[in-house]
Structure formats: structure tokens, C-alpha cells
Amino acid sequence: MGARASVLSAGELDKWEKIRLRPGGKKQYRLKHIVWASRELERFAVDPGLLETSEGCRQILGQLQPSLQTGSEELRSLYNTVATLYCVHQKIEVKDTKEALEKIEEEQNKSKKKAQQAAADTGNSSQVSQNYPIVQNLQGQMVHQAISPRTLNAWVKVVEEKAFSPEVIPMFSALSEGATPQDLNTMLNTVGGHQAAMQMLKETINEEAAEWDRLHPVHAGPIAPGQMREPRGSDIAGTTSTLQEQIGWMTNNPPIPVGEIYKRWIILGLNKIVRMYSPTSILDIRQGPKEPFRDYVDRFYKTLRAEQASQEVKNWMTETLLVQNANPDCKTILKALGPAATLEEMMTACQGVGGPGHKARVLAEAMSQVTNSATIMMQRGNFRNQRKTVKCFNCGKEGHIAKNCRAPRKKGCWKCGKEGHQMKDCTERQANFLREDLAFPQGKARKFSSEQTRANSPIRRERQVWRRDNNSLSEAGADRQGTVSFSFPQITLWQRPLVTIKIGGQLKEALLDTGADDTVLEEMNLPGRWKPKMIGGIGGFIKVRQYDQIPIEICGHKAIGTVLVGPTPVNIIGRNLLTQIGCTLNFPISPIETVPVKLKPGMDGPKVKQWPLTEEKIKALVEICTEMEKEGKISKIGPENPYNTPVFAIKKKDSTKWRKLVDFRELNKRTQDFWEVQLGIPHPAGLKKKKSVTVLDVGDAYFSVPLHEDFRKYTAFTIPSINNETPGTRYQYNVLPQGWKGSPAIFQSSMTTILEPFRKQNPDLVIYQYMDDLYVGSDLEIGQHRTKIEELRQHLLRWGFTTPDKKHQKEPPFLWMGYELHPDKWTVQPIVLPEKDSWTVNDIQKLVGKLNWASQIYAGIKVRQLCKLLRGTKALTEVIPLTEEAELELAENREILKEPVHGVYYDPSKDLIAEIQKQGQGQWTYQIYQEPFKNLKTGKYARTRGAHTNDVKQLTEAVQKIATESIVIWGKTPKFKLPIQKETWETWWTEYWQATWIPEWEFVNTPPLVKLWYQLEKEPIIGAETFYVDGAANRETKLGKAGYVTNKGRQKVVSLTDTTNQKTELQAIYLALQDSGLEVNIVTDSQYALGIIQAQPDRSESELVSQIIEQLIKKEKVYLAWVPAHKGIGGNEQVDKLVSAGIRKVLFLDGIDKAQEEHEKYHSNWRAMASDFNLPPVVAKEIVASCDKCQLKGEAMHGQVDCSPGIWQLDCTHLEGKVILVAVHVASGYIEAEVIPAETGQETAYFLLKLAGRWPVTTIHTDNGSNFTSATVKAACWWAGIKQEFGIPYNPQSQGVVESMNKELKKIIGQVRDQAEHLKTAVQMAVFIHNFKRKGGIGGYSAGERIVDIIATDIQTKELQKQITKIQNFRVYYRDSRDPLWKGPAKLLWKGEGAVVIQDNSDIKVVPRRKAKIIRDYGKQMAGDDCVAGRQDED
């Protein structure tokens, strides 16, 4: 700054500071303008040192002048500043900038005349080029000065800053003044990184060079001696000419200005680039309805500079288009200004115009003094004179408008002072600039209700408060319920804190400013002596008079201090006086936000009567409630509240003290559901080892969080009086009640919000929060750690959460969440198993709970036998004798718990390892560790999914449980050590379709090993006897039969009672296994039985399946096959007749074997077979299911995916960081997919509606993603009549079709990705390939053909179905060829032209049309030949 100050001497600086920026304006030049100018010059690659002399200033003006026409506002300001500075150096008296410019113009005109005169005098004697950088050296030769790095640097900066916006062109023009083509190429090379732009430029240059060559053909013959060749286009572009040649051409007589020509070409190219980078035509620049005029002008000129047009055209555009494209409000004003208005005048006139609402007001304000008629007013001269008196909406002073006001912005409406709307929307007529009626009465304390406080407050609110005394402000906190009542004036900061002050006998309005050191008032006379002073503020420096010891009264408080008087935009009371009157800034923390709670829809609050209580309980409750009422936790209520919940009292465990309990069961049933914020409890094995640890407990946790106001009435309860002496006392809760279902979730979320700022400020602290237990760990020294803990306690206290010392644990071992934490290990708090002679259900439940808790660290704990005792519904107090196994299990557990066991803490740098052992009877135990014998945690697994299972399956489930648990605790999966050989696993995995993925694992030889007890053969066993088995049962009587027929003619049938179809099928298999040799082939038609046995269970809850397993283990080889219905398969048809006798009536359909043949050939889908061969869908489906080509993974355990024609599965998948929404038509595999901008409900719903508009969608099946569960998607489904189903969370199989299509789609995208620039293109290409270019699957179709086929078939089937149902309403009476009697009535199955197909009892017959009478079934029986029915022909 010192260096810049040297530009002017002291005397010159005084002159400088007297010159006004504009004629009649208040602002004058300041030192800062010189500083700004010197910085700006550096950007233009001009030496700021030139500012120090008048000669330097003249050079700068000469450099800037050519760019003025096309330059920006900044360039113009720079020119004006340098011109004024030149006048100061030259000691030319000027009052303002305009005068300075006029003086410069005069001087330039004079010097021009002189130069012309001199040129005339000397003729063309001087050949010196005026073009810098070509200069004449002392020997008179023309030499080239290379373009300076400074110029190049300025050029690079311009391009980097402005990219290719219109400003680039004037800057290029200015920087390349007089340059040779070589210099210009240097400039272009420095910005060569912008390849696309440079390519466009190159093309323009090539076109121009070709055009030059066309217009300047080469002269024939040799060049005369001493003459230069003429430049070609490529010479001008500097590619085929040397620097010497370029200088020669430029300085020749007559010259060929190759530099200027080349520059012109480059500017043409730049214009094209600019148009591409900011492709707006000047005609498109229109002022928006609410756009400030100044912004519009900036846009207009920016685009104007990019236009390729002559200066005359540009001037015309400015004159006409600028006004023409302004918005209606500005246009009215501009037209009133008349045609010759300057831009400056236009901008002044249009200030503050912001949309239609302002029009009348701005005009009225700007012309408030005009009393002439409207027509006179609109004349330009009148308007000009009136324009000066504008008044500011913000501070109410005249001479400037709100946009330029330096006073802080007033909150609320500028017209009426009220909040909630802006001035343009104000309905009041009269603007009230001085705002006597401020939005709150002065000097009075203003009370907030808690809602009001919350309605307009961020978390912290700033208030200015005076104390009556000058004590510290420790007590000045708001009470927690939110009502604030101070005994001193309180000013909120929703408005500017303006107050009335009394000084020197005058009343003034002043702003309380805690950021100002001094008190500054606008011009006024004060008694006493004063000192001159300069003070700095946001708007620069101002000169003031300093008066000391001035008495001043602020809102009734007297103070004496220093007051500064000067040109301040607003009166300011600074800290020097505010501290005297005890004014402080307070930040009362806003009360905890209440979470809105509702009852379930259509329900009312609980109305449960209070049951009688003993005297001592009533006394205890009265005492507790009085105390709670004092603390504001509950409030008394009147009889208007109709709700009630019973209350009672119990003694606390450890004392004689009573505890109040409210039975909120009824209210809980009626309260809305909450999302549990924490899904599980934190586990110590997941804690990292910390140097310092503290455990805190929040006292009265729930009672520190307010309950939603509208919900409080439902928590009403009554304390009865003894002997009903008086009506009971009624209360309701103001805080979260214990025992109410919403308390945990609301407390957790409030606590998280409160701890968040503390967590952010202290990232080095680890804070685990579960309900009211806090674990805080850090690697700080204990002293620093404890300081942090105190900060945390203070932070919680500010929100009203106490952390009682009694439960504040500073030294290990720490008791936390039922665990004991030591510095380098952890365990569960000591567990004592009770010794009892008799055990009740409740005792056993508690015992199992304790053992489950201990199993986290004590390996080998079992509870299966104890749990078996609890099966069935029993009363809690029922005594249960322990079985021998349970006694044994309990004794083993006692042994395990005798030795205390410890776990260690997690080390993120080491791998996790999980080891599993089999304990027998379906129980497993596991340990997770990082170093051998140092367990992080242990556990057990004994869950049986499904009735029949085997060890491999259970092991897989255990692995998945442990993997999930590890992800929750440590965020990663461990490596597994499993007691199963790789071969066994591989066998199982390849054979069993439902085997799921398990993480990385290795075999560990810990007996007992897991093995498969038997294996089923893949091919029929040659030479072994084949048993066709079947069973049938009657649903009503529950009687059944099971049996078999063998290929050797053996057969057996047994009768069963109280059975089902499924049981009889299994019974038949059991019979076959019992009666067969060591090798056997078994053929069944039961999918159910096949499904159970193929999964190779080794134990089952079903006695029958267990017996089958025993038999299977005894066999050497077993082949089990499934066939669909029994027609045409000899053994099966026979056995079916055997077992069906008297059990079921099956109509065998001829079509089955034909359908099977057809399916083997073409693999047609079940729908096609059902319609072609008239099969029931279940049979057709089973044919497909038994085909190994169509069914890669066997039948699904829980039935197949639903393949109805209207079902689609939707899912989002991610690729390259983008979201692809995929919809798959389940039955055909046809895909619709799209890249969507975001995974939101809005986008999903839009996609869904598009899908429904293209295809018949009846059901969509999605996962539980938030976009699919959103209200928008539900609404779209409702509107389009689509049923929405959700998958099973965390079970990818429930979304199997779309998941596999995602993989397929990604695979195809991978194949075509390099053919497309954008992912969205690649996605559509992949969809096309998948739908139409990949054939295969059912029917050998492509997915596109298949969906059309399925939908068409579906329509036809429905039509056919309608006809069939119609046909079935008819009965047929027919004659046999040899028998003259009419037979019937038979059922009509099909009616053709010449014959009908009928079903009489179980026979299907074809009868010629002429021998059949078809009638409607009116329920009448045939009486004889001439019966009425016989004559009702149906043709």
C-alpha cells in the first residue's frame, strides 16, 4: 500500500480527494481507487509504475483508448481513473471525472493537429513503424522485440479466467497490438490446451488463408531484384514465412500489414468460438420480469461484444434493442427518458425496479414532487429535473435508493415494518420509512411462547439483553420449556435492534451494534471541544469529530462516553456505551425440538379406570407427583380431559423408596409406530483399545425431553384419594413418560442431535451412545481426557441433561451395558445361575436369557434342551420338571461359567477369523478372534430353518449369521475356519440348488466333522428294481392309502387314517425303501416329497421323514425320479388306480404324453402346452419343471417365481456412478431400462407410468428401497391400478429375476460400452440386444417375441376360458348308433361343425352333431323322448 501511495504527493492527494466521481454526486476519489487501478493494470500487462508520472498516464490512456468501444465497464472505469490522475499530475483543475475526460479530449485533439502538421512538414521522411514490437535500432534497421512473458501471462490468465466469453476478444486485440504473425502464433500456442477451441480457430484461419490466395493470385515470372515476394495465405499465418520476411512486409513501402491481417482472421475465429461457448444472439437478451435493470444491461453488453457487427450496427443495437427488450416496467421509464438518454441516466432511472408490483411505487417515488399533469411529466426535460429526489426504502433518507444503501438491511417489509412478506407484496397503502411503529414495542420485555420461539428459530438464538445491575450473566438462561421471562428489556434480532436515544436534548433513532467499537452519530451539533479523527468501516474511511464525556440516555439507561459525529449512513451505538449500560449478547439454547406424535388412524386415547390402591401407595404417589409437578415434568389437569391410564407403585430393588409405574399398555396399542433409531446394542468387541475411558449415565433421561404438546392429553392419569374422600388428582405428562413406546426412539434421536455438534468439534473422542449410557474413549492423556469429559457434561447440562456423579465412572473396570470393561480386555458382568429345586416357566426364561448373554464370551454354552421345556403356551408361574437332558445341559453350563473369561478389543490393522465347531443336536458354537486364543467374542447357533435340515445347510446358515453379525460390529466379514472338507462342501453346493454364497473359508479338522450321510444317484440304477409310488387322501374324511407297484410285478397298498395327501406320498416312499434291496429306483409324482429328499436332510422334526432318512442311510444307492401325472407311464398309472380306488377321481387327459413329446422337441412353455393340449396349468408347469433344460435349479423351495403375464420386477442397479432403473417382465425376461438422474420416488413413479403406458402391468415386485416405498410410487400404482409387492428384505432370491437380469444387462453393456459415448446410450443398446438379438430360453424366442407371444396367448386363453365356461352351462342328450334311447345329460366339452365332444360320467365321447341335442342346464332331468328339454335345440 505504501508503494501505491507514492503515486501522489501529499498536496496532490488532497486535490485528488476533492474530485467527485460523478457530477453532482457525493462520493469523491480516495486512495483505494488508485490501489484498484494499479491492480487492474497488472491484469492488462501494463506496468503500474507508469501511474506515477503524467507521461506514464498518457501512455496508459493511449493503450486503453482503442479498446474502449468494445471494453467492459471495468475497462471504462480504469480509463476514467487514469484520466483523472493525469489531470492531477498535470495540475489541471477539475471538479469531477466528466470534466477530466473533456480536458483529455481537448489535449488529444490539439496533439493530433500538431502531428498532422508535422507530418505535412516533413513528408514521409520517417519510415519508423509506430508498431510496437517492431522498433528501429541505432543503426536505423528494423528489429523485432519478442513478445514479453508478461503479455503472454496476461493472455493466459484471461483465457483461464474468462474461458471464451466475449471479453476475450477486446483483451486479445489490446494485448496483440502491432504483433507479427510469429508473436500471434506464440500467443495461440500458450493456450493450446483448449484443443476444441484451437481446432475451430485453425479451421477459420485455413479458410481465410485459402480465400486470400484466391483473391491474390501469384504473379507469373521471376521477382524483380530488390523486391520482396508477395505473401501467400500460409505466409500471413506464419507457417511458411520467416520472421525477417514478416518484418519486411510490415515495414515495406507500401507496407503489407501481415500481422494485422492475421490478427483479423484470429478475431473472426475467436468470434465463432465465443458464439459456441456463449451461444446467445443479442436479440435473445431480454430482461426478465423481476430482473434488475443493471443485471440486464451487463448481460446485454456482454453479448453485444460477442456479436460480429460493425460499430455503427452495435450503436444502433444499443439505442433500440436495449430499450425494446427491457421488461414493461423499465420500458415505460426508459421511453419517458426520451431517445438521447445516456446509459448512466437509464440505470439511475431504473434502479429498484423489481417486477410489476414496483412499477407504480417507483414512479410515484421518483416523481413525488411532480405536480404537473401526466403528459407534462412524461416529457424528457421535466423528468430529468425531477429525478434527483429519490428516497431510500431501507433507512428512509433521501438521495439514494435501497439497493445502494450502506445501512444494514431492515428485516421484514420496507413499507409497514411487518414480517412475513416483502414490500412488493405489501397490502398497506402508505410507506412508513421511519417505522415509528416498530414490530415490537420499545423497551418492553417480549415474551415468547415455546411454539413461537421454535417456529422461527434456528438451534441458537441471539438476543440482546440489559441487566439492571452489572453482574455477570450466568443466570440469564431460558428455562427448558421454552418460555422466556427476563426482568430486563429483551430485544430479539428478528428486526434490526433500533432504539430511541436522547442526546444533547434531541431524540434520535440509533442502531445497537455489538460489532462496533465506537458510537457514531450523523451530523449534529454537540457542546464542547472536538478532535478530528478518521475511522474505517465496511464502506471505507470517514472523517469524524470526536466529542468526549457526552451524556446520553438509551432506553432509560444513562451513560457518559465518547461520541463521534460524521457522515454515517445510520446512527450507531457501539460497545463503548453498550458495556456501560450492562448490555450483553445472550445465546439461550433453544429448547429441544419436540417430535410430533399421533395416535394410530381412527383410534382415540386410552380410557382405562384406575384400580384401587393401598394407603401407603397413594401417599408415596402423592409425594412423587408433587415433586414431579414442581420440576415441570407433569401438570395438573381438569375434568375436561376424558383420557386415563392406570398408575401404581412398587418398591425399588435396593431401598425402601417407592417407584411410580404407569401401565401404558393401552396407550401403546393406540400410539403410532416408531422406527427404532438403533437396531441393536453396541458390542464391546467392536470397541478399539483406548488410552483413557469414561462411562457416564444420563440422569432422568426421558424426563429431560419434552413430549409433543398435542399428545400430552393422552398420558393423563389419576391419583385416587384414600377411601374416595375427594375426587382423585389428575395429571398429564409434559415429558417423555417411562413405559410409553415412543420414549426410546424419541430420546435416542434427540440425544443424537444434541451430541452431533460436540462430536464434530471433538473428532478425537469416540462416543458410544445407547439410551442413557454413554461410553467415551480417547487416546488423550488422562488430564486432557477429563477436561473433555467436563466439556461434554457441560454441553449436556446446557440442554438440561444431568450426568450424576454417582454414575460417573472414572476408573476401570467400567460397568457398561451389562459388560465389564478393563483397559485391555472385557467380559460380561458376573453371572450367577440360581440353584433351585423347582423351576417355573418364568425362572427358565430368565435362566435362558442369562445364558444367552454369557454366550457372547463363554464358548460352548448350550440352551437347546432348556428351550425345549418352554414349548407350547404355558402360564409364567407353571412349575416345569427338568428333563434329564436339560439337567445335564445346565450342569455343563455351570462348569463353563465357573472360570471367568475375557474378550479383547478390536485392532483394525489385523484380520478377523471366525472358527465354528459342531456340538451335536443341531447346536453350533463359534469364536471370533484376531490372534489365536484371544477371542473378541464368542457365540452359538442353534436355529433350525424348516422342518428338515442337514449339517451342511445348518453350517451355511451359521456362517451367514456370523458374517452378518461381523458386518454390524466391525463393518467387515471374517475369514472362516469350518469343520467340513472341501469335497463335501463342493458336492453339496453343486447338487443342491439353494446352496448360498459363503465368504472365504478354509477346512479345520475339529471333530465332529460335517458330512453328508447319503447321496442320491443322478442316473437310474441299471438292474435295480423300480418302485412306482403314490399316495392319496380324502380331505373330508382324512382317510388315505399309500402304495407301490414295481417293474417286477410286486405291489402293496396300506390304508391310513388321519392323514393328508403329502403324508401319504411320503408313506409310499417309506414303504418302497423298506421293501427294497440295497439299490433301488423310486418314481414319485409328488414335488413335495422330491423337494424334501433331494435336499438330503440328516434329521427332521417329522417322525416319518426321520424314518425315511434312516432307511436312506442304510442303502448303497438310491435313484429318485419325479414324473408328472400318470397316464402312459405304466407303473404309475397302475399304482394310481391302486391308491385312488375310493379316494380320488382323476380325469386322465390324453394330451399329457403328446405335450411331453412336444416339450422335449421344442421346450415350449407351460402356457403354450396348457392351451395346445388342454392341460390343467399345474400339469403343464410340472412338465416344464421336470425338464432339466428348462429348469436349471430345480423347483424353488417356496414355490416358483410367479410368472403371470402382468407381473414385472423392478430394481435399481448402479454403474459408473449412475443409477439404472431396470424393469423385467418376469414371464418373458423382456427388459425396459433407463438411466435415471436420481434414485427418487419421483423418477421411479415417472418410469413406472411410462412402463404401464407401453405394456399391461398388473403387479410390480420391488425390493424395499426408499424410492420404491415412497408415497409417489404408491400414488402412481394406485392411479394405474397396479398392485405393488415387496421382496423379502436381505433375501436376494425374492428379487431373483431382476437381479439376474441386472447382471446380464451389465454384461451386455460391457460388450457395447466402447461403441457409445454416454452410458445412457449403452444401456439402450444393451436393452435392444437383450430383447431382440438374444434367442433362447422357453420356446427359443427372443425376449421381445416372447412377451408379445405371452400377452397374445393370455388374451386368447381368457377368451377361450370365457367360451368354455359358457359351453359348460350346456347339457347334451345323445343317441348311440345301436341304441334308440336318448342318454344323458352329459357335459359339453367342445362343439364343432360336424360333431360334439362330451363327457358322460368318466368317459369322453365324440358324438355326431345330428345325434346330439344341446340344451341349457336348467336342472331338469330327462323324462322321455318328447320332454320339453328335448326340443330346446341350441344351434
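Cβ coordinates come from backbone N, Cα and C, glycine included.
Taken from Swiss-Prot as is:
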ACT_SITE  D513  active site, for protease activity
BINDING   D697, D772, D773  Mg(2+) 1 binding site
BINDING   D1030, E1065, D1085, D1136  Mg(2+) 2 binding site
BINDING   H1159, H1163, C1187, C1190  Zn(2+) binding site
BINDING   D1211, D1263, E1299  Mg(2+) 3 binding site
DOMAIN    1021-1144  domain 'RNase H type-1'
DOMAIN    1201-1351  domain 'Integrase catalytic'
MOD_RES   Y132  phosphotyrosine
REGION    106-128  region 'Disordered'
REGION    189-227  region 'Interaction with human PPIA/CYPA and NUP153'
SITE      G221, P222  site 'Cis/trans isomerization of proline peptide bond'
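Within the region 'Interaction with human PPIA/CYPA and NUP153' (189-227), the DSSP-based counts of helix, strand and coil residues read 23 helix, 0 strand, 16 coil. DSSP assigns D1030 (Mg(2+) 2 binding site) to a strand. Comparing the recorded positions D513, D1030, E1065, D1211, E1299 by how many other C-beta atoms lie within 10 angstroms of each C-beta, the top residue is D1030.
In the three-state DSSP classification, E1299 (Mg(2+) 3 binding site) falls within a helix. Classification of E1065 (Mg(2+) 2 binding site) by DSSP places it within a helix.
Using CA atoms as reference points, the recorded positions G221, P222, D513, D1263 were checked against D1085 (Mg(2+) 2 binding site), and the closest is D1263.
Note on P222 (site 'Cis/trans isomerization of proline peptide bond'): other Cβ atoms within 10 Å of its Cβ, all shown chains, come to 7. The 10 Å shell around the Cβ of D772 (Mg(2+) 1 binding site) contains 19 further Cβ atoms across the protein chains shown.
Its Cβ taken as reference, H1159 (Zn(2+) binding site) is surrounded by 22 other Cβ atoms within 10 Å in the chains shown.
D1085 (Mg(2+) 2 binding site) carries neither a helix nor a strand DSSP state and counts as coil. Using a 10 Å radius centred on the Cβ of G221 (site 'Cis/trans isomerization of proline peptide bond') and all shown protein chains, the other Cβ atoms total 6. In this structure, D697 is the one among the binding-site residues D697, D1085, D1263 with the smallest number of other Cβ atoms inside 10 Å of its Cβ. Here the C-alpha separation of H1159 (Zn(2+) binding site) and E1299 (Mg(2+) 3 binding site) works out to 28 Å. Closest to D1263 (Mg(2+) 3 binding site) by Cα-Cα distance, out of the recorded positions P222, D697, E1065, is E1065. The recorded positions recorded for this entry are G221, P222, D1211, and the Cα of D1211 lies nearest to that of D773 (Mg(2+) 1 binding site). Of all the recorded positions in the list G221, P222, D1030, E1065, D1211, the shortest Cα-Cα distance to D772 (Mg(2+) 1 binding site) is found for D1211.
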